[in-house]
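Annotated in Swiss-Prot:
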- 286, 287, 288, 289, 290, 291, 292, 293, 294, 295, 296: substrate binding site (BINDING)
- 101: N6-(pyridoxal phosphate)lysine (MOD_RES)
C-alpha cells in the first residue's frame, strides 16, 4: 500500500491514546519514549536503546524503567487534585498514597518518593498490606510526608510494628478490616504508651464494575458493615478513644472504567463520613482507595482495559461530591486520600525482547486431485476453483463454510483409516489456500464478511515465538485476560504485511497472548511487518509497570528478566543506570530447593565416568556456565 504513512501506524497501534504522550512512533517508523514530559523535544529510540544494551552485555529480554515517568505521574495526580480543590473551594487538602504492593521494587518506591523532594509540603505517603511491606515503608516513609496507611489482616506483631511506627515519628493509620482487630490495637497501644490513629474500612452496598469488582460491595473480603461501624463507635466511646478514629476508607476495586461508578461510590462513602461526624467522631481523612484506571487499550471506553474519563475528571468528581455532601451536612471537609498505584506505575516500564523464530503460511502450488480420488477431495478442489475465479460476494461465505465442513470430514475419515496421510495433507493445503484467497477478496465493508475475516486472520496468522515467559512477565494477560499494548519496535514506516500471534518460550499452550490493541478495538491477532532471520526486529510490551513483576511466577523455571533504569539528562542525553541482572539458572533452582553445588558435584562424577579425559575440562566448563547463565535464550546479538 503506497499511501501508508506513519500516522496510519500510530492509528493502527492506537499509541497516541494508550501512551498518554509518553510513547510514540518516529517518522522513520521506530518506537520512541519521551520519559520527561517537561522536555517533550527529547526522546529515546527503544530499538537502538535495546541494541546498545545487548552490545554492552545485557541479554534480552530486558525490562527498562523510566523513573522520570514516575515523577510525572505523581505530580500529575497531585496537580489534578490541587486544581479541583481550588476550583470547588474545598476546605482541606489532598494526599497521594502509594500502595507498594503494586510494585515493591526499591528503585520504583524510591523514585516515587523522590518526586516530592523539592516540595515544601510533600503530598505523598505509603501504604502497606502485610508485615513485610510494613517493615519496608517504616524505613522509607520519612522521605515524604511520613504518612503510612496499614491495610490488610493483622496479627499482634503487625499491630505492634504499626504502633512502633508512631514512636519512630511516622503518622500511621491502622485501618480496621474486621472487628476483632480493634481490641488488640487498643490493648497493644496502651502497653506501648501510644495513642493509635485508627481508620475504618466501610463495606459499601454499591459495587463498581470490572475485573476487580469483588473488592467492593456487601460481599467484599474486607471492610465493616454499617452495624459493625456503629459497634466500633460504641467501643471507642466506652474506651474514651473516639478521637482516635481519624480515617474513613473504602475501595471499589482496581481499574474502575466508568466515572459514574466512582462518583456513586464516593457519594455513598461520603454519607458514611457525615454520619460518623454526627455521632461525635473526628474523622480527618477520607481515603477513596484505588480505582483510578489506566487506559491499556486506548479506546477511552467502559471496557475493563480502558477508562471513560481523564485524570482531571476523576479528581473533579471526587472533590465536587465531597464538597456538596459536607456543605449539605454542615460538616468539616476531610483531607482526601487516594491510593492510585496502578496509575502511577503502569507506564514507566516496558519489556523488550527478540523474536526467535516464526511459523508463517506460504501459499503452495496445488495439483488437481486424480480422477479416482475420493469425491470429498474433488469437492474441496471445486471450492478452490470457485474462490480463485472470483465468485460473487455472497457465494464467498458459502464457499468458506463448505470448505470448513469438508475439512472436518477429511479429519474424520482419516481417523477411520479411509483417507491416507498424503490425502489429508493435500486437503489441509487446499483449505489453507482457500482461506488465504478468501481473506484477500473479502471486504470488511460487508457486515456479513466481518466475522469470517476475523476467523481467517486468526487462522492464517503467523506464529511469533518470542523470547519471554508470559507467566513471568505478563501474568495478568494469562490469568485475567488483561490487555497490554504490544508493538514491533521498528519497521513501522511501511504497511504491515502480516498478522501474527505472540507465543512465549514456555512448554505450555497457555503461553499465548490472545488479545491485541488494534486501532479502536481489540483483536485476536496483531498487524506486523514481515519478519525474517535476515531482517529481525524487536518486540515491546508496554504498560507493564504495575503488578506484573511481583505477580510473575517461574513456570518452567524462567526467572526474573534483566532490568535497567534509563534517564534523560537536561541536555537530552540517554543515561543507562543501575542495570540489575536477572535470575541465573542456579538462582531459580535455589528457589525450588534444588542445590546447584550438589548438581555440579554430580556432573563431575558423570563426566569422570563417561567422558574421555581430553574433553572433561571443556564439558565441565559448559555445565558450570549453564548454571551461571540466564534462564532465557541468549542468541540475539
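Including glycine, each Cβ sits where the backbone N, Cα and C put it.
Since the structure is predicted, the reported quantities are computational estimates derived from the model, not experimental observations.
Positions of Swiss-Prot features highlighted on the structure.
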residue : record                         : CB count, 10 Å
101     : N6-(pyridoxal phosphate)lysine : 19
286     : substrate binding site         : 25
288     : substrate binding site         : 24
290     : substrate binding site         : 23
292     : substrate binding site         : 25
294     : substrate binding site         : 22
296     : substrate binding site         : 25
For residue 294 (substrate binding site), the three-state class that DSSP assigns: coil
Three-state secondary structure, residue 288 (substrate binding site) (per DSSP): coil
Residue 101 (N6-(pyridoxal phosphate)lysine) and residue 288 (substrate binding site), distance between Cα atoms, whole Å: 17
